[in-house]
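What follows is a single structure, written as structure tokens, with notes after it.
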Amino acid sequence: MTQTTHPDTAGKEHNRERSRPITVAAVSLSAALMTLDTTVVNVALPDIGADFDATLSGLQWIVNGYILAFAALLLSAGSLSDRLGRRGVFGIGMMLFTLASLACAFASGQGMLIAFRVIQGLGASLVMGTGLALISGAYEGEDPKRRQMAIGIFTALGAAAAALGPLIGGTLVESAGWRSIFFLNIPLGVVIILATFTAVRPQPKTPGSRLDLGGASLAVLMLFALNYGLLTGSGESWDRPDVITTLVAAPVLLAAFLIVEHRLGTDAMLDLSLFRIPTFTGAIVLSFASRVASFGLFPLLILWLTGMLGHTPVEIGLILLVLSGGMLLVAPFSGALTRIAPVRVLVAAGMVIAGAGLEWAGLVTTVDSDWTAILPCLILLGLGSGIVMPHMMGLAVGVVPADRAGMASGTSNAFFPLGTAVGVAVYGAIMTAAISSRITDPDLAQIVAAGRFDQLTDVLPAGSQALVTTAQSAFVDGLSQVFLIGGIASILSGLLALFLVRARDLPTSTAHPAPVKEAHA
């Protein structure tokens, strides 16, 4: 007796099969867009600062507004998509991101740009918190190799965007102005939105999953209070009432957040019980520290390359390719390296190598240096990051119970952008303090901190070359301190990983960890 397949069933399966590559393409392209929006903005900061006469703290907010909204809401996005539907939340996130990009492109001032960057970050959190789940759901019940291949495409596009972002951004800024980096998002965003609602199939909802609104609200308030206090305090004055209030509020909000998450237990957006596993804690420390040591110092590095050395945006993109090239060179061999040394030794060595590069830059950079002085730093930072990055997600996910893998992955992904945001804020405070110790005029100090050395001739009297030299020296001193402190933090986190990452926590499957599926922001 011959068994036949009902036409409706065959038709549904055909539609599912046809929608899968579109789902992968839409999600992967969105990952590339979210990554580009972080890296290209860094390259555009000098031009944005010149247009809006922005202070250093204003430029930092343009970077951190997006990153903080993204990080604070990333963990909640997964729960929201479970309740409302993954396709719908993903599509709404893309619409928010695309509309906010349009608004950023037409922003008439620093405050407006920051506000729309926050909305961009909110949209990005919905997209990235849902994207991988959409891919996994599309291949549910299929050969796991097909799903892994799809996730590999997602990861590869995100990595390519991270590597090429500075060069793409530099080319756009130099040829069409800084607003073009936001206009780029609009046609691509529209294509993704149309594909999402016309070709990506809806996936089942799980209404039973709890949405941790209290935890999400406290996380947002805590992160923005800390960031506001650090950036405003360093840029204006530490004794301002609003600065004191927010810096006092930040630890109080953190304590409240931890209490709420502890009470919710496994229903919390951040399951604190996972931190009882030393290896998981080590993976989170590495996720955070790796971004503090790299993306966190990019804004100041770019202001130095542009403001003091006079490099064009395209030249900056090419210079930063040295770093991303080192990452791409080493990362494919991450599995082979585990046959030579244990994972804990590899990640520790990677952080120490990156830290050594930063220490080099801190020791050799002077007011007379050109970019080649930091070439060894860029090479070592890239190689070290390339050793560390592929293992972090495997460490975070591989040591927790299977039903907590999604939580572990989301937590690790959230700490990547948090590291960037904290690095940007703390390094900015260090830079501002170094400059203020040498330059007493607050208006002049703000111009120098923002890297706008071309304006010094407008605000200083004729024959003030000595003051220009002092301003340049103050900026380089601050940058050197940032390099040195970042290097120490990187080395210490690497040594800490030796103690936290334990072989007995790692199952056999993590001996050769899968490449990191990182939320690129």
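Note that Cβ sites are derived from N, Cα and C of the backbone, with glycine treated the same way.
If you look up TrEMBL, you'll see 22-45 (among others) marked as transmembrane segment. Cβ atoms under 8 Å from those of the transmembrane segment (22-45) belong to residues 59, 62-63, 66-67, 70, 90, 94, 97, 101, 117, 120, 124, 127-128, 131-132, 134-135, 138, 150, 153-154, 156-158, 160-162, 165-166, 168-170, 172-173, 178, 181, 184-185, 188-189, 191-192, 195-196, 199-201, 295, 298-299, 302-303, 313, 316-317, 420, 519-521 of the same chain, restricted to positions at least 6 beyond its ends.
On the 0 to 100 pLDDT scale, the domain 'Major facilitator superfamily (MFS) profile' (23-505) averages 86 in this prediction. The annotation domain 'Major facilitator superfamily (MFS) profile' is assigned in TrEMBL to 23-505.
Through the fold, the transmembrane segment (57-77) approaches residues 34, 37-38, 41-42, 45, 48-49, 89, 93, 110, 113-115, 117-122, 124-126, 128-130, 211-213, 215-216, 219-220, 223-224, 227, 231-232, 234-236, 269-270, 299, 303, 407, 410-411, 413-418, 420-421, 424-425, 428, 432, 450, 519, 521 of its own chain, all at least 6 residues removed from its boundaries and within a Cβ separation under 8 Å. According to TrEMBL, the transmembrane segment annotation covers 57-77 (among others).
Listed as Cβ neighbours of the transmembrane segment (89-108) (distance under 8 Å, sequence separation of 6 or more from its ends, same chain) are residues 27, 30, 33-34, 37, 77, 80-81, 116-117, 119-120, 122-127, 129-131, 134, 179-180, 182-183, 185-186, 189-190, 192-193, 196-197, 200. Per TrEMBL, the feature transmembrane segment maps to 89-108 (among others).
With a cut-off of 8 Å between Cβ atoms, the residues of this chain six or more beyond the transmembrane segment (149-169) that come close are 20, 24, 27-29, 31-36, 38-44, 131-132, 135-136, 138-139, 181, 313-314, 316-318, 320-321, 324-325, 327-328, 331, 515-518, 520. Under the heading transmembrane segment, TrEMBL lists 149-169 (among others).
Residues 18-19, 22-23, 25-26, 29-30, 33, 36-37, 40-41, 44, 87, 90-91, 94-95, 97-98, 101-102, 104-105, 134, 138, 169, 172-173 of the same chain sit 6 or more residues outside the transmembrane segment (181-200) yet have a Cβ under 8 Å from a Cβ within it. Feature annotation from TrEMBL assigns transmembrane segment to 181-200 (among others).
The feature transmembrane segment is assigned by TrEMBL to 212-231 (among others).
Annotated transmembrane segment per TrEMBL: 243-260 (among others), in sequence order. Counting same-chain residues at least six beyond the ends of the transmembrane segment (243-260), those with a Cβ under 8 angstroms from any Cβ of the stretch are 212, 214-215, 218-219, 221-222, 225-226, 228-230, 232-233, 236-237, 268, 272.
Sequence-remote contacts of a segment are chain residues at least 6 beyond its ends whose Cβ falls under 8 Å from one of its Cβ atoms, and for the transmembrane segment (280-304) they are 38, 42-43, 45-46, 56, 59-60, 63, 274, 316, 320, 323, 344, 347, 351, 354-355, 358, 374, 381, 385, 388-389, 392-393, 395-396, 399-400, 408, 411-413, 415-424, 426-428, 431, 450-451, 475-476, 478-479, 482-483, 486-487, 489-490, 493, 496-497, 499-501, 505. Marked as transmembrane segment by TrEMBL: 280-304 (among others).
Non-local neighbours of the transmembrane segment (316-338) in the same chain are 43, 159, 162-164, 166-171, 294, 298, 302, 305-306, 346, 371, 375, 378-383, 385-387, 389-391, 511-513, 515; each lies 6+ residues outside the stretch with a CB under 8 Å from one of its CB atoms. Taken from TrEMBL, the feature transmembrane segment applies to 316-338 (among others).
For the transmembrane segment (345-367), the list of distant contacts is 282, 286, 289-290, 293-294, 334, 337-338, 373-374, 376-381, 383-388, 391-392, 395, 469, 472-473, 476, 479-484, 486-491, 493-495, 497-498, 501: same-chain residues at least six beyond its ends, Cβ to Cβ under 8 Å. What TrEMBL records for 345-367 (among others) is transmembrane segment.
Here the transmembrane segment (373-402) has Cβ contacts under 8 Å with residues 274, 277, 279-280, 282-284, 286-287, 290, 293-294, 301, 319-320, 322-331, 334, 337, 343, 346-347, 349-358, 360-361, 364-366, 408-409, 411-412, 483, 490, 501, 505-507, 509-510, 513-518 of the same chain, all six or more residues outside its ends. If you look up TrEMBL, you'll see 373-402 (among others) marked as transmembrane segment.
Long-range contacts of the transmembrane segment (414-435) within its own chain (CB-CB distance under 8 A, at least 6 residues past either end) are made by residues 38, 56-57, 60, 63-64, 67-68, 70-71, 74-75, 223, 226-227, 230-231, 233-235, 284, 287-293, 295-297, 299-300, 445, 448-449, 471, 474-475, 477-479, 481-482, 485-486, 518-519, 521. Residues annotated as transmembrane segment in TrEMBL: 414-435 (among others).
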